[in-house]
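S.K.: What TrEMBL records for 33-55, 86-106, 118-140, 152-172, 193-217, 223-244, 256-275, 308-326, 387-410, 422-444 is transmembrane segment.
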Amino acid sequence: CLTFQLACCCGTAACSLCCKCCPKIKQSTSTRFMYALYFILVTIICCVMMSTTVANEMKTHIPFYKQMCKGIQAGEMCEKLVGYSAVYKVCFGMACFFFLFFLFTIKINSSKSCRAYIHNGFWLIKLIVLAAMCSGAFFIPDQDTFLNAWRYVGATGGFLFIAIQLILLVEFAHKWNKNWTAGANHKQVWNGLLALVTLILYSIAVAALVLMALFYTRSEGCMYNKVLIGVNGGLCLFVSLVAISPCVQNRQPHSGLLQSGVISCYVMYLTFSALSSKPPETILDENNRNITICVPEFSQGLHRDENLVTGLGTTILFGCILYSCLTSTTRASSEALRGIYATAETEVARCCFCCVPDGDADAEEHVEKRGGQTVVYDEKKGTVYSYAYFHFVFFLASLYVMMTVTHWFHYESAQIEKFFTGTWSIFWIKMVSCWVCVGLYLWTLTAPLCCPTREFSV
């Protein structure tokens, strides 16, 4: 197994674990897992750089800390390796790494090409290249100009990453409804499942709306919260009525309440997330003391242990980012962004329709057993996902992580310990994302009416 691990690090062999009891893994899955591992590693480094707690612990417990910082030219107390500017530089290196691979892998259709071998192997060499790029960013001249320019690039890429996820969410909702509707043409049980899931989705959305009205508003004040909860609740009702309106149904028979239920739940989630991210409002009570209003009383107790909340919340957030990256880089997702969808005739109804792996037809073509985990070479007949699109999504995710860790436009006071402290920039980004999602869904419903001569398919 050691020989094959060396071939994985410095050659074209697919990576796998040395344990025989592990389930077999596909080459395409192994490759994506390794790039995701690099992404996680750099993300953890960024979180550490933004942590004042870690910096203070290192100063206290590492001997010769001051001399070490001077030796690596990071400042007297390593101040160049902490804060938002350090995160910008590290993420610049990671973004360049994925962007170069995006350019390098454009139009690769066969896993047997030389470029495909580089994409799927040489992991130790690529790790060294990634480390060199992240380190080299600290030696860029004219740091102030670089940081100011890179901040706008990061914001643009972060917004584009959000937009791609919103587009794919709308596409997922339409795909779900189309798949189960195709099954309803043959078995009535699918109609029952459609009705049950739709009812559950709307129950969740209504319950969320009621709970937010109870916990995030009060009779006096909280005007922002009241308006936004009312507006977003009204938007959910509006898109539901549009989805089942006769004019939309005539042009798009597959349109229904299931899609609008998915969008409504996501809108409620974003509304809750935005309200939780809003800076707290305070008023004076009868004893002239400042009290926080417009937030649940129990949440104030939860935030007392900031390290626990920050650690758990950060892990969940970046787990969601990683999941979004991996699920949005399948061939079906990349084709959906270009407007290419499966026809209704080819749909086969499945409960887990979105989890069917690409390339199952030739997955068993070549199986390699080498003393450890079994590797299935599932790309012998062609690539099962777009290599270039895969790297482009991770390039955008690198920028999104950079902006998220540094609190977007409140970077100067950013700390990982204050990750869930409300800021207006995060609040408005989430609210605008919510409205963009609704707008995208409405466009998929109304586009055939606005442009009757064009062919639309979702």
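First residue shown is number 1, and so on along the chain.
Placement of Cβ uses the backbone N, Cα and C atoms for every residue, glycine included.
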S.K.: Top stretch among 86-106, 118-140, 223-244, 256-275, 422-444 for CB pairs under 8 A with the transmembrane segment (33-55)?
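M.R.: The stretch with the most contacts is 86-106.
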S.K.: Verify whether three or more Cβ pairs under 8 angstroms connect the transmembrane segment (422-444) with the transmembrane segment (387-410), leaving out any pair fewer than 6 apart in sequence.
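M.R.: The transmembrane segment (422-444) and the transmembrane segment (387-410): touching, yes.
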S.K.: State the residues, same chain only, that lie 6 or more residues beyond the ends of the transmembrane segment (86-106) and have a CB under 8 A from a CB inside it; answer 'none' if no residue qualifies.
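M.R.: Here the qualifying positions are 38-39, 42, 45-46, 49-50, 80, 115-116, 118-119, 129-130, 132-138, 140, 147, 150-151, 154, 157, 387-388, 390-392, 394-395, 398-399, 401-402, 405-406.
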S.K.: Select the range from 118-140, 193-217, 256-275, 422-444 that forms the most Cβ-Cβ pairs under 8 Å with the transmembrane segment (223-244).
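M.R.: The stretch with the most close Cβ contacts to the transmembrane segment (223-244) is 256-275.
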S.K.: In terms of Cβ proximity under 8 Å, which residues at least six beyond the ends of the transmembrane segment (193-217) contact it?
M.R.: 177, 180-181, 184, 225-226, 229, 233, 236, 256-258, 261-262, 264-265, 267-269, 271-272, 275, 294-296, 351
S.K.: State the non-local partners of the transmembrane segment (422-444) in its own chain: residues 6+ outside its ends, Cβ under 8 Å from one of its Cβ atoms.
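M.R.: Apart from its flanks, the transmembrane segment (422-444) reaches 162-163, 166-167, 169-170, 173-174, 228, 232, 235, 239, 242, 259-260, 263, 266-267, 270-271, 273-280, 407-410, 456, 458.
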